Amino acid sequence: MAACPTMVIHKDVEPGAESDLQQDLQLELHASVSVNRWERGDLSLAHDNVAEEVAVALVYNGISHVVMMTSPNDLKDFALGFSITEGILTSADELYGIELQQHDAGVEVQMNIASQRMMQLKQQRRNLTGRTGCGLCGAESLEQAVRPIKVLTRPGHVSDQAIQNAVLKLDQNQPQQALTGACHGAAWCNKQGDILMIREDVGRHNALDKLIGALVREGIDMQQGFVLISSRASYEMVQKVTAVGINALVAVSAPTGLALRLAREAGLQLIGFARPHRHVSYSPELTNDSE
């Protein structure tokens with residue numbers, strides 16, 4: 001299998017200025033609702049915050065390819081990240097333009113991509129319309145269900161201390177989760193465990209796609225840190241991070257067996273059950289406390 005090159009896209013953006021890709025629609029992320037709260041035998045009327053989700057259609061060169069249910073924020077990051085992790089694009093340079101169009105039924109993300117990539121997309125003949133962050137909806141064959149993993153050029157080496165530093169900071173960096181209790185988070189951390197960037201979504205796949213889209217947009221060196229996710233590590237999450245050369249994935253919950261096998265095949269450092277003061281390494285040969 002071919003090794004996966006590190007994907008680094010450098011773009012010049014003035015400090016403090018938003019790139020065109022950062023521009024997003026101003027949609028409500030949550031709603032306040034009246035609820036009856038039962039606690040210890042007492043019933044009371046209260047208000048609660050519930051997370052919103054919206055149907056988002058990804059449209060390439062005028063052709064709708066997929067409709068996903070997502071949190072209505074960071075949609076351009078989501079579109080770029082999904083396009084790259086699904087193999088529709090190989091770099092941000094193949095995305096010539098992107099525009100959000102709001103409709104009563106949801107949001108369309110109109111993308112203009114390279115003609116060669118569009119030809120390949122048409123050949124795939126995949127329709128992924130489905131549930132929240134569904135990773136397999138519309139795969140037409142068993143072969144499409146699990147794509148070959150890309151072998152990393154350099155295995156991951158993240159220290160136990162860095163993992164714990166990031167885990168201890170995760171909750172305070174998830175404002176939508178704190179408000180609604182319904183959102184997953186995907187965080188980019190440096191080798192010391194500092195959280196430098198985070199994206200949230202009602203879908204765990206979506207949160208990771210949003211993060212990857214932002215990392216590609218910002219031109220981040222994918223081998224200079226690791227990803228921390230607030231969910232389990234399914235095989236799709238392993239495929240997404242290795243697709244862009246990320247070599248270490250830390251999950252709050254467990255990995256699946258397939259995710260573990262693919263991680264070992266790719267050379268991905270995989271950590272599960274990452275909680276305060278404890279975690280499990282599923283690739284102990286890649287653990288390195290000296291960094």
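A Cβ is built for glycine as well, from the same backbone N, Cα and C atoms used for every other residue.
As written in TrEMBL, here are the features:
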ACT_SITE  Cys134  active site, cysteine persulfide intermediate
BINDING   Phe273, Ala274, Arg275, Pro276, His277, Arg278  Mo-bis(molybdopterin guanine dinucleotide) binding site
Just how many other Cβ atoms lie inside 10 Å of the Cβ on His277 (Mo-bis(molybdopterin guanine dinucleotide) binding site)? 7
Tertiary neighbours of Ala274 (Mo-bis(molybdopterin guanine dinucleotide) binding site) (same chain, Cβ under 8 Å, six or more apart): Ile163, Val167, Leu228, Val250, Ala251, Val252, Val280
Validating a neighbour-count step here. Other CB atoms within 10 A of the CB of Pro276 (Mo-bis(molybdopterin guanine dinucleotide) binding site): how many? 10
Counting every protein chain present, what is the number of Cβ atoms, excluding its own, within 10 Å of the Cβ of Arg275 (Mo-bis(molybdopterin guanine dinucleotide) binding site)? 13
